[in-house]
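As recorded in Swiss-Prot, the features of this protein are as follows:
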CROSSLNK  Lys387  SUMO cross-link
DISULFID  Cys32-Cys50  disulfide bond
DISULFID  Cys34-Cys37  disulfide bond
DISULFID  Cys44-Cys67  disulfide bond
DISULFID  Cys82-Cys96  disulfide bond
DISULFID  Cys97-Cys102  disulfide bond
CARBOHYD  Asn41  N-linked glycosylation site
MOD_RES   Ser161  phosphoserine
MOD_RES   Thr181  phosphothreonine
MOD_RES   Thr182  phosphothreonine
MOD_RES   Ser183  phosphoserine
MOD_RES   Ser185  phosphoserine
MOD_RES   Ser187  phosphoserine
TRANSMEM  123-143  transmembrane segment
Amino acid sequence: MEAAAATPRPRLFLLMLAAAATLVPEATPLQCFCHLCTKDNFTCVTDGLCFVSVTETTDKVIHNSMCIAEIDLIPRDRPFVCAPSSKTGSITTTYCCNQDHCNKIELPTVGKPSSGLGPVELAAVIAGPVCFVCISLMLMVYICHNRTVIHHRVPNEEDPSLDRPFISEGTTLKDLIYDMTTSGSGSGLPLLVQRTIARTIVLQESIGKGRFGEVWRGKWRGEEVAVKIFSSREERSWFREAEIYQTVMLRHENILGFIAADNKDNGTWTQLWLVSDYHEHGSLFDYLNRYTVTVEGMIKLALSTASGLAHLHMEIVGTQGKPAIAHRDLKSKNILVKKNGTCCIADLGLAVRHDSATDTIDIAPNHRVGTKRYMAPEVLDDSINMKHFESFKRADIYAMGLVFWEVARRCSIGGIHEDYQLPYYDLVPSDPSVEEMRKVVCEQKLRPNIPNRWQSCEALRVMAKIMRECWYANGAARLTALRIKKTLSQLSQQEGIKM
């Protein structure tokens, strides 16, 4: 111990210089000496750096050896954790390196820290940290008081005063959206209004999770809304979906009503919000799992879905026109059921728009792909023409045929109905690969089974015919969304159904 204390300071300086020269870790995992890892032969593995330190106090010396993960190397070029430090009564010497077991060394000590401070110096040493801690605590209390932390707790009440300068008292979401569709650009609420709404929403409960993040039920001025919260990793998906929802003239009763998009920074992390209408029945997938449907209910679900897709696919020409849009991820989990028993299409994060003037498609730079179970044959075998917009519309039609099959199975006639199942449930595993789906759909040319009982009911017979014409291997032979909508409209009139 005394010999170590006598080691000159130049050696410590050279060690620190060597540490600074080796701060950038290699790509391969490091094996480091770890004095606490008794079960692993005193060895740990990291993608960052090996670390060793010695802390000297007035009465003892503490040695520490371990791994530092790459994520903890802040800033990257000169991490704080690798810098020596000193506090009253203790001195810590550190060394970081990036070679296997390079931290299996004993750092030199610099001698016991001196405590021989004069009265003035001692007062300054004590008062400085105390003042710093007090100021820091006051600052933290102020920040916490003025921010709404939404992830871990739900506030008891909203602060309506925040939106008064922009949105008058008594204004409802329906009023705002009506004003926007009749007198605005038709491309969504102004950004300031969107931000004002988003920042005065009170989250109530989490109602679902997905690959993008979470969905919450929230309240704005007593009205229920759905809040889709994307993690910061999914910024592209959030931006793309918000962009598509704000396409001119997109609003339609059978497409999920978009309200606002905002990025909310709570001081620790950024959350990306997408606010929309709330539908308590949830997705069509959830609805069909819980309930059977009547013939009328089946037709309403199918016709409203076809109406929403027909509006998406349709191009509206004019100064306030709308480009044709293909969904690319249509499935029962991305269709919501409204209170009146009709559907609206949601989750437009993968959608693509067609510019007819230049005949181009704005395919988003997004790593996500559609759901394998609902992929059309030409998508599965990679024969789809990505430059031809009609190809994407035809793939949507194939997927809608599968959704219709899910709905028709739950149609109860005389108390007889099938259990809810996903398409191809009897032919592929629960999470099929593209190869498994390709073998069934493209090679074996199989499609979901249509029960014989459907032939005894006119409505089910029409539904079965539509499905078959949606499932053709040749995409060009499939029905269009508009044709399906017209066929189902005629069926609803025959059945005396009022939509």
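Including glycine, each Cβ sits where the backbone N, Cα and C put it.
Because the structure is a prediction, the values reported are computed rather than measured.
Of all the Cβ atoms in the protein chains shown, 22 others lie within 10 Å of the Cβ of Cys34 (disulfide bond).
Considering other CB atoms within 10 Å as the measure, the emptiest surroundings among the disulfide-bonded residues Cys97, Cys102 are those of Cys102.
Taking Asn41, Cys44, Cys82, Cys96 as the recorded positions under consideration, the smallest Cα distance to Cys32 (disulfide bond) is found for Cys44.
Within 10 Å (C-alpha to C-alpha) of Asn41 (N-linked glycosylation site) lie the following disulfide-bonded residues from Cys34, Cys96, Cys97: Cys34.
Cβ neighbour count for Cys37 (disulfide bond): 16 (other Cβ atoms within 10 Å of its Cβ, all protein chains included). Annotated pair Lys387 (SUMO cross-link) and Cys97 (disulfide bond), C-alpha to C-alpha distance, rounded: 52 Å.
Only Cys44, Cys50, of the disulfide-bonded residues Cys44, Cys50, Cys82, Cys96, Cys102, have a C-alpha within 10 angstroms of the C-alpha of Cys34 (disulfide bond).
For Cys97 (disulfide bond) paired with Cys50 (disulfide bond), the C-alpha to C-alpha distance reads 5 Å.
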